[in-house]
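Peer 1: Sharing the feature lines straight out of Swiss-Prot:
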type: ACT_SITE; residues: SER105; note: active site, phosphoserine intermediate
type: BINDING; residues: GLY31, LEU32, SER33, GLY34, ALA35, GLY36, LYS37, SER38; note: ATP binding site
Amino acid sequence: MTNIVWHQHPVDQAARAEQKGQNPVLLWFTGLSGAGKSTLAGALERALFEAGFHTYLLDGDNVRHGLCKDLGFTVEDRDENLRRVGEVAKLMVDAGLVVLSAFISPTREERDSIRARFPASQFIEVHVSTPLSVCEQRDPKGLYVKARSGEISNFTGISSPYEAPLAAELTIDTSKGDLATQVRALIDYLTAINVINADKAKALA
């Protein structure tokens, strides 16, 4: 690695962000399977996109069809899955995008490792805190049934622990209130920290 140096591009993150008229950021949605991470992140992305933002949503299932298709679900593979996603998200933020990532990401160490790649103002942890009982009742992919029967091992929330964030920037329980209200809470937060400026906030009203 000593012979590899970082090549400085003539166009930097600030220039890309200025061209797009937005402040790049990573919103990291974490929570149990079935908590509503992808639904919430997708609804927020749709609202931002329609208001003229340049966005991209990284989804836990989708990246395993390509970027991480060679990985399984051992502890080591799950760590590598998130390491890769964190690096991709960093590149996307450097490109000036508003990036949304929806991953169970069960350990604080994993999430903190990704947070450490970004300036404090560019990483927003969103804990989708929907209770296990609700997630299991929803069970959209039938995974909890398989986990309870022993067909799936190391399943987060059943046979493997989930470590809730200690200081997430936002906490949303999708079993309380409706999706529009939850998206509004996210938009209000992004406006308060100036990710969304006043002019674009009007388009999201």
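Glycine is treated like the rest: Cβ placed from N, Cα and C.
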Peer 1: Comparing the binding-site residues LEU32, ALA35, which residue's C-beta has the most other C-beta atoms within 10 angstroms in this structure?
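Peer 2: Of the binding-site residues LEU32, ALA35, the highest Cβ count within 10 Å belongs to ALA35.
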Peer 1: Fewest other Cβ atoms within 10 Å: which of the recorded positions GLY31, SER33, GLY36, SER38, SER105 wins that one? Let me know.
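Peer 2: With the recorded positions GLY31, SER33, GLY36, SER38, SER105, fewest surrounding Cβ atoms within 10 Å: SER38.
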Peer 1: Residues with Cβ closer than 8 Å to the Cβ of LYS37 (ATP binding site), same chain and 6+ apart in sequence?
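Peer 2: The list for LYS37 (ATP binding site) reads PHE29, THR30, GLY31, GLY60, ALA102, PHE103, ILE104, VAL128, given in order along the sequence.
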Peer 1: Compute the C-alpha separation of ALA35 (ATP binding site) from SER105 (active site, phosphoserine intermediate), stating it in Å without decimals.
Peer 2: 13
Peer 1: To the nearest Å, how far is the Cα of GLY36 (ATP binding site) from the Cα of SER105 (active site, phosphoserine intermediate)?
Peer 2: 14
Peer 1: Would you kindly give the Cα-Cα distance separating the residue listed as 'active site, phosphoserine intermediate' and GLY34 (ATP binding site), rounded to the nearest Å?
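Peer 2: Their Cα atoms are separated by 13 Å.
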Peer 1: Taking only the Cα atoms, work out how far SER38 (ATP binding site) lies from SER105 (active site, phosphoserine intermediate), in Å, as a whole number.
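Peer 2: Approximately 13 Å lies between the Cα of SER38 (ATP binding site) and that of SER105 (active site, phosphoserine intermediate).
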Peer 1: For the recorded ATP site formed by GLY31, LEU32, SER33, GLY34, ALA35, GLY36, LYS37, SER38, which further same-chain residues have Cβ atoms within 8 Å of the site's Cβ center?
Peer 2: ALA102, ILE104, VAL128, THR130, CYS135, THR174
Peer 1: In whole Å, note down how far the CA of SER105 (active site, phosphoserine intermediate) lies from the CA of SER33 (ATP binding site).
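Peer 2: Cα of SER33 (ATP binding site) to Cα of SER105 (active site, phosphoserine intermediate) measures 10 Å after rounding.
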Peer 1: Provide the number of Cβ atoms within 10 Å of the Cβ of GLY34 (ATP binding site), excluding the reference atom itself.
Peer 2: 24
Peer 1: Could you give the Cα-Cα distance between the residue listed as 'active site, phosphoserine intermediate' and LEU32 (ATP binding site), in whole Å?
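Peer 2: It is 9 Å, counting Cα to Cα.
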